Amino acid sequence: MSKELTLAEVIELLNNVEVEALEGVTFEGDIEIEIDESVMNFREEANKLIESRFAVGTVNEWTTAIEEVTIGATPANGGSRGHAVTVGGEKALPYYFDSEMKNPTCVVAIDVFDMPIQLAKSVRTSYEDVMESPSDWAKKVVSEYHADMIALHLISTDPKRKDASASEASKTVEDVLQAVDVPIIISGSGTHKKDPEVLEKAAEVSEGERCLIASANPDNDYERVAAAANKYGHVLLSWTQLEINAQKELNRKLIKHCGVSRDRIVMDPTTAALGYGLDYAYSNVERIRLAGLTGDKELNFPTLSVSSNAWNAREAWMISSPLKEDSNWGEREHRGLIWEAATGFALALAGCELFMMMHPGSAQLLKKITRMLGGSINEEKTDLSNWITKLII
Amino acid sequence: MKLNSPLQVYKYLPKINCGKCGEKTCMAFASRLVDRSKKIEDCQILLQDKEKFLQLAELLAPEIREITAGVGDRKVRIGGDDVLHRHQLTFFNPTVLAYDVWDTMEEVALIERVKKISEFKKFYVGHYLKLDMIAVRSTGESAAKFKSCVEKVTEVSTLPVMLCSFDPTVLKAGLEVCADKKPVLYAATKDNWEQVSKLALEYHVPVVLFSEGDLDSLKTLAVSFNRLGINDIILDPGTYPEGAQLKSTFENFIKLRRAGIKESQKEIAYPIMAAPITAWMIDNDPTPTSYLEAALASIFMIKYADIMLLHSIEPHALLSEVYMRETMYTDPRTPLKVDSGVYKIGNPTKDSPVITTSNFALTYYTVESDLSSGRIDCYLASVNTDGIGVEAAVAGRQFTAAKIKETFDEAGFDFKEKTSHNTIILPGLAARLQGDLEDVMGIKVLIGPVDSNQIPGWMDKNWL
Ligand code: B12
Ligand code: SF4
């Protein structure tokens, strides 16, 4: 069945389906066109702008501040650190204008391992000369790479590596505390069975230094780890794996059953590398942060990201693409540096304030940019008027 | 989107469950409209009731206006978001990445750069990540120079273009050669708005409104353009590359998007543009500047740029940019997965290995590309783990001996008939399934390395 249409009907049809333009169409005959009056009116006085003011509100739902947690104790507080760092305290998403950030930057801890470990080439070149000595390694990251803190990983205790004893490992903790005066994170080997014992001993030898003990998690004897942190005056890392409810539950247990005080908990909800689960990690951290700000007292703690696992991403370490169809991947030195920093940027905006990182350049870049967002770096002003022609490249 | 529950949407539908939209019921269709996986035009019956249709269309329109640029295959959609946080639904229309060329470039260099931008690709979970647009920047020499540059660019590439100049005569010259390709005009300002608005109307192209760090005048421009009948608008509040100015830029992006989505301020609910390219105004040292630019790109891709103007086309910058975009814009509601089944890689024979992995798209394609590039002929079984990767699926018990058996049974893969060795290879991270799998399937089970990129080396040692 065919049907003839009038122009008015055609226009109505087009309106219905939001067609904006017709291509390759010709009409024959006379055409009458109706023009919207408001457009006509304005056309006449189109030599004037309609002055308007922009306004937007703040978010009322953000009622609750993130807990402030201090890591490291100076002599005045019974420790020997040259300075302490404080994270948390914010009442809005990171760098938002809704409320001033109390501690307006993210803190970077650079990783130090207690024995030589396989590292991506672009990272290894920075540490090759100090890998045999954890205290030299620690000194180097502080004096040359300006780490705010160090994260000491006692991986030698792993039964599959050296199976070093808890007391051997705690000797390294003492050496490192001697070598540098920044606050430190003490991390086990990730072996659920052995870590509690290792961390307990490490907590004991570092009594009063207010270290961050990593970690209590649902799969290890977290009660024992928590008890050690409490007894020797440390802060505890509450680590779960990409699951908001698991994080809530562990935090609750640490507070209620283990008596950890609220100003001594940092969370690690697990973060993943750019391209390898960062999408999940970003949203998980963001949801946790929003829950905390809107009043969930089991989730309003500062958050740590192990951004150094960006080095697991093959885009960070491989020399070139394994696929011939891919465009050139360029130099891995540059690629890896950006990979770790970009992973960090995303998580810094999601709600992490404490970072474990490995590449000195990545750490610098993350710190520089977040400091600007936090308002603590005032560079020279850039003039953008006529930037299109002023930009000489 | 003003309606966000299927029940609210249902009220507007014909309620006759005819099934012509491909859904069994109108209610089911309603929930597809809410999650934006179907379009309102898919209900033929509703199309006949113009009034209701228009009402519903208005209520379902995204909070941030969606506009298009370019034509053909590489046409792009810009904007169209409905939420402030991706977990609340998903972000729509990945940030459009535009890279610049300029009109004083030598022809050879120009063509080379345009080709690099147009042809860049990176394989990622089953598809290629690509760049979207070429921004032709006037250096102010002459309109004629600009025009011939635009002409050359559109001759060499099918990517949409953005015409960049504050001088309306230059923009007009560009439009004369490419208006039919629906370019984006950059930019109207408080000084040139009269002429640029005329161009936008005359040529029917989207236009960027630029105001240096001042949201009042940006809104003034938006309101005025809207009254002129121009709605294909993009807002550029100015991207300052460093210091306290960067902080205010970041805040401006959040203010604009919050006004559009949370407060439904329609006058300002347009897509936003960021210009990390301004990093090159403060420094010309390529490496650190490319880092700064890529850093700004990450930040504004996360908060909330719908289109972005960039300069460096060094691979390290490009890779991080396309990955960050993918990260923010993958749909958090559905894990990306491939169909489970037994796939042939290369030309497997009876002596070729049989390898198992998960059906999480990232895992599957990673393993597949390692096998193909290592030139290993084999069978690769993608086990139905609900789209979860190997390690997480072993922990979450979606990757089990029973599931593996099911995959081979469903594919009708008989080890006795298809192989001479009756052997299967498990991922290193699934080692703990070995015993179970031997029992359940009655075959020999080998444990492969942890990372699939080690398979070729491992095969040399462990496979006859
Ligand atoms: C993203 C992620 C998730 C996402 C999963 C997204 C998805 N679609 O898969 C979500 C948030 C859902 C998730 C949930 C959980 N996760 Co998770 N998750 C990750 C994370 C961050 C990245 C995993 C990933 O995508 N890797 C990339 C892919 C490509 O790796 P893959 O599939 O393993 O493939 C590689 C290898 O296995 C190998 N390979 C693959 N196939 C084959 C085949 C052969 C023959 C060979 C030789 C090799 C090989 O090569 C591949 C490339 O390297 C890791 C931590 C990390 N940074 O690695 C934790 C991790 C895997 N998760 C973990 C856990 C425990 C869980 C949960 C159980 C947590 C919980 N308490 O709820 C749940 C389980 C959920 C479920 N199964 O339903 C643990 C696993 C610990 C363990 N070994 O037991 C990890 C390691 C975190 C940790 N450090 O503890 N997780
Ligand atoms: S086509 Fe329309 S009327 Fe028919 S089932 Fe779908 S929504 Fe209902």
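Cβ coordinates are placed from backbone N, Cα and C, and glycine is handled just like the others.
Note on the domain '4Fe-4S' (B:1-62): DSSP counts are 32 helix, 0 strand, 30 coil. Positions annotated as domain '4Fe-4S' by TrEMBL: B:1-62.
Cβ environment of B:Cys18 ([4Fe-4S] cluster binding site): B:Ile45 lie under 8 Å away, each six or more residues apart in the same chain. What TrEMBL lists as [4Fe-4S] cluster binding site is B:Cys18, B:Cys21, B:Cys26, B:Cys43.
Neighbour density for B:Gly387 (5-methoxybenzimidazolylcob(I)amide binding site): within 10 A of its CB lie 20 other CB atoms from the protein chains shown. The annotation 5-methoxybenzimidazolylcob(I)amide binding site is assigned in TrEMBL to B:Thr357, B:Thr363, B:Gly387, B:Ile388, B:Gly389, B:Val390, B:Ser452.
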Cα proximity to B:Ser452 (5-methoxybenzimidazolylcob(I)amide binding site), best match among binding-site residues B:Cys21, B:Cys26, B:Cys43: B:Cys21
Binding-site residues near ligand 1 among B:Cys21, B:Thr357, B:Gly387 (Cβ under 6 Å): B:Thr357, B:Gly387
Spatial neighbours of B:Cys26 ([4Fe-4S] cluster binding site) among the binding-site residues B:Thr357, B:Gly387, B:Ile388, B:Gly389, B:Val390 [C-alpha, 10 Å]: none
Local confidence of the prediction over the domain '4Fe-4S' (B:1-62), expressed as mean pLDDT: 92
Candidate with sparsest Cβ neighbourhood (10 Å radius) among B:Ile388, B:Val390, the listed binding-site residues: B:Ile388
Where the C-beta lies under 6 angstroms from ligand 2, the matching binding-site residues among B:Cys18, B:Cys21, B:Cys43, B:Thr357, B:Val390: B:Cys18, B:Cys21, B:Cys43
Listed in sequence order, residues not in B:Cys18, B:Cys21, B:Cys26, B:Cys43 with Cβ within 8 Å of the centre of the [4Fe-4S] cluster site Cβ atoms: B:Leu13, B:Pro14, B:Ile16, B:Asn17, B:Gly19, B:Lys20, B:Glu23, B:Phe29, B:Asp42, B:Gln44, B:Ile45, B:Leu46
Rounded Cα-Cα span from B:Cys43 ([4Fe-4S] cluster binding site) to B:Thr363 (5-methoxybenzimidazolylcob(I)amide binding site), Å: 38
